[in-house]
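See below for the structure under consideration.
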Amino acid sequence: MDNYRDENRTKGNENEVFLTKENDQSASYSARNVIHDQEKKKRGFGWFRPLLGGVIGGSLALGIYTFTPLGDHDSQDTAKQSSSQQQTQSVTATSTSSESKKSSSSSSAFKSEDSSKISDMVEDLSPAIVGITNLQAQSNSSLFGSSSSDSSEDTESGSGSGVIFKKENGKAYIITNNHVVEGASSLKVSLYDGTEVTAKLVGSDSLTDLAVLQISDDHVTKVANFGDSSDLRTGETVIAIGDPLGKDLSRTVTQGIVSGVDRTVSMSTSAGETSINVIQTDAAINPGNSGGPLLNTDGKIVGINSMKISEDDVEGIGFAIPSNDVKPIAEELLSKGQIERPYIGVSMLDLEQVPQNYQEGTLGLFGSQLNKGVYIREVASGSPAEKAGLKAEDIIIGLKGKEIDTGSELRNILYKDAKIGDTVEVKILRNGKEMTKKIKLDQKEEKTS
């Protein structure tokens with residue numbers, strides 16, 4: 001569905017991401033997909049960033065950090081009180097010293113056993129982790145400023161990570177992020193033994209930020225398996241493996257916990273804005289980790305690392321796409337090379353991006369009708385929307401019985417709750433009057449040249 005146009009597209013491989021959470025305040029953090037780009041300059045992000053084309057992000061209010069200096073609060077009175085308390089604590093410590101030793105010994109043994117298990121798992125699984133280099137054509141200009149495609153050459157634009165999840169019939173297949181491979185004229189994959197091979201892009205999907213690559217299985221000795229991300233619990237140990245900052249630090253292992261499940265992030269992609277479900281983790285995720293696996297302690301893929309909060313005052317907030325969302329996308333990309341989605345055929349803008357005087361004076365909206373819904377800028381000729389009688393400057397306020405406030409909500413309902421061939425009811429406002437239209441959803445025809 002080609003709803004959002006170029007004004008929503010991001011530069012290079014960097015995307016704007018916002019945390020969304022119900023009933024939070026209007027503060028927002030900017031975040032970025034974690035792909036290493038050698039030519040990318042550091043960019044500053046403020047608390048609020050204006051976005052064009054109706055890119056709407058929710059927010060997460062994190063409050064005010066309060067730091068208490070240490071060692072500056074002692075007085076004579078508190079020193080005496082502390083001394084008195086120390087005597088009590090000393091007695092308590094003495095009476096439980098043997099138990100403490102047992103507890104400490106038991107804890108150390110547990111940590112050693114747990115650490116050994118993780119080390120064994122990482123050692124076993126590392127051959128399935130790969131580095132991915134995105135090569136893009138760069139024209140060589142002559143002294144007179146002219147350029148020729150004949151003199152262009154592929155140069156490294158960025159790099160990321162991936163994981164081999166399937167091997168059959170002499171081929172191996174890698175899952176990674178779409179933003180790792182997007183725009184590439186060719187792709188190189190670095191394997192565990194140092195071998196570098198050319199990869200073929202089987203298919204990619206910008207709205208879920210996933211892609212599948214194919215390589216020869218000549219040097220592939222290990223395949224990782226998907227786990228069940230619905231079994232994840234907050235506080236559970238997870239491990240991230242990838243190539244932060246490129247191949248020099250290949251297969252770097254970081255450990256953390258599941259900080260939260262069923263988070264929602266609203267992300268601007270080259271295909272428009274979308275909201276995706278993610279796992280939050282504090283396992284260190286750095287530029288170049290994109291596309292690498294988030295693993296449980298059994299060595300199963302429970303997520304694909306995709307993005308992180310990137311702010312000076314923020315530490316340890318990274319996100320991974322859950323394995324249960326990754327698997328069906330990977331399977332469809334393998335079988336069809338693309339994700340087939342229902343198509344309406346409108347170019348749209350969140351209504352709140354339209355000036356209120358235009359909403360009132362031109363669109364005929366008033367009161368509670370203002371700033372809620374999706375403004376149709378253009379209806380594609382021959383599209384399902386045109387056949388259903390939708391027109392430019394209509395406002396979509398409902399789909400399949402659910403209220404619509406933003407394009408992201410419309411897209412989520414359309415892609416998750418409907419399928420090609422369905423006939424759905426669309427509620428609209430036209431000149432301030434509410435009406436309902438029935439649209440038979442179709443698949444967008446790919447342009448051919």
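Glycine too: its Cβ is placed from the backbone N, Cα and C atoms.
As given in Swiss-Prot:
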COMPBIAS  1-24  compositional bias 'Basic and acidic residues'
TOPO_DOM  1-44  topological domain 'Cytoplasmic'
TRANSMEM  45-67  transmembrane segment
TOPO_DOM  68-449  topological domain 'Extracellular'
COMPBIAS  78-110  compositional bias 'Low complexity'
COMPBIAS  140-150  compositional bias 'Low complexity'
ACT_SITE  HIS179  active site, charge relay system
ACT_SITE  ASP209  active site, charge relay system
ACT_SITE  SER290  active site, charge relay system
DOMAIN    348-437  domain 'PDZ'
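Positions of the features from Swiss-Prot, shown on the structure.
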{"residue": "HIS179", "record": "active site, charge relay system", "Cβ within 10 Å": "31"}
{"residue": "ASP209", "record": "active site, charge relay system", "Cβ within 10 Å": "26"}
{"residue": "SER290", "record": "active site, charge relay system", "Cβ within 10 Å": "33"}
- Rounded Cα distance, in Å, between HIS179 (active site, charge relay system) and SER290 (active site, charge relay system) is 8
- Secondary structure content of the domain 'PDZ' (348-437), with strand meaning DSSP E or B: 28 helix, 29 strand, 33 coil
- Cα-Cα distance linking SER290 (active site, charge relay system) and ASP209 (active site, charge relay system), given in Å to the nearest integer: 10
- Query: Secondary structure at SER290 (active site, charge relay system) (DSSP, helix/strand/coil)?
  - Reply: coil
- When DSSP states are folded down to helix, strand and coil, where does HIS179 (active site, charge relay system) land? helix
- Task: Check the domain 'PDZ' (348-437) for me and report the mean pLDDT.
- Result: 93
